[in-house]
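Trainee: Please see the structure below; I have some questions.
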Amino acid sequence: MTMPPDSSRPVTVPRLRELRDTGHKLTMLTCYDAGFARTLDAAGIDLMLIGDSLGMVVQGAASTLGVTVTDIAYHTRCAAAATQRALIVADLPFQADATPERALDAACTLLRAGAGMVKLEGAAGHKLDAIRYLSERDIPVCAHLGLTPQSVLRLGGFKVQGRGDAAAAQLRDDAQAVAAAGAELLVLEAVPSPLAAAITAASPIPTIGIGAGPDCDGQVLVLHDMLGLDSGHRRPRFVQDFLAQGGSIAGAIRAYIEAVQAGRFPAAEHGYAA
């Protein structure tokens with residue numbers, strides 16, 4: 001699907017649902033600096049994620065656990081300085097949402113740095129409390145379910161989530177719970193494609209998939225991954241090298257956007273079976 005006629009309009013939180021309701025596939029990529037932000041914005045990306053993935057692809061760590069609010073705020077400020085249209089979503093890093101009060105403090109820091117929404121992982125009781133607390137204070141929240149990288153130690157690695165009847169039912173319940181708590185957007189990571197499709201069909205809020213099949217309302221990838229850069233980590237099966245076909249960084253980003261909106265990416269081989 002091509003960009004809507006009013007594609008130059010800034011992407012706001014209410015507009016996410018408007019775009020979803022018109023059948024427009026939302027496009028999202030991670031971003032950590034002004035140069036890439038300018039290129040992403042010019043290409044027409046809908047959302048930029050200032051992800052704690054920067055711990056792995058920028059800082060060279062083995063996980064996201066060492067990333068701080070200060071780190072996220074710095075990279076948010078860099079990206080926001082060069083962004084006019086895209087909605088900037090900033091991660092609440094590990095344990096920044098341990099209490100609602102800590103989540104509020106971190107979220108305010110990130111919004112002041114230029115974010116338009118904050119993202120937090122999981123749906124445990126204190127996570128729902130944090131989503132509710134932020135939403136009640138007019139801070140837009142993106143939830144993140146499935147493979148939650150901040151839980152890598154408990155999960156025993158970066159593994160597909162939601163396989164088996166009990167796990168699938170829990171994910172469906174969690175998706176409804178985060179929406180009820182006030183989340184405006186939901187990222188589904190490394191979830192079997194049929195389960196992600198079912199969650200999306202029942203979700204009152206737009207879903208963004210990464211390793212979650214083609215039926216989510218949009219897609220996200222780590223920028224370094226879709227450019228084929230070697231981050232020193234095993235490349236997930238849901239990644240496609242768009243630079244190889246795009247010929248330039250700007251071309252790769254445009255190719256990604258076009259492939260998502262046309263329904264060509266992700267393909268079946270990028271997803272997981274139940």
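Placed from the backbone N, Cα and C atoms, the Cβ positions cover glycine too.
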Trainee: ASP52, SER53, LYS119 bind 3-methyl-2-oxobutanoate in TrEMBL, but which of ASP21, ASP91, ASP97 does that record place at the same site?
Mentor: ASP91
Trainee: Binding-site residues ASP52, SER53, ASP91: which have a Cα within 10 Å of GLU121 (Mg(2+) binding site)?
Mentor: ASP91
Trainee: Under a three-state reduction of DSSP output, how is ASP52 (3-methyl-2-oxobutanoate binding site) classified: helix, strand, or coil?
Mentor: coil
Trainee: Of all the binding-site residues given, ASP91, GLU121, which residue's CB has the most CB neighbours within 10 A?
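Mentor: Answer by Cβ density within 10 Å: ASP91.
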Trainee: How far is it from ASP52 (3-methyl-2-oxobutanoate binding site) to GLU189 (active site, proton acceptor), counting Cα to Cα, in Å?
Mentor: 14
Trainee: How big is the Cα-to-Cα gap, in Å, between LYS119 (3-methyl-2-oxobutanoate binding site) and GLU189 (active site, proton acceptor)?
Mentor: 13
Trainee: Please report how many Å separate the Cα atom of SER53 (3-methyl-2-oxobutanoate binding site) from that of GLU189 (active site, proton acceptor), as a whole number.
Mentor: 13
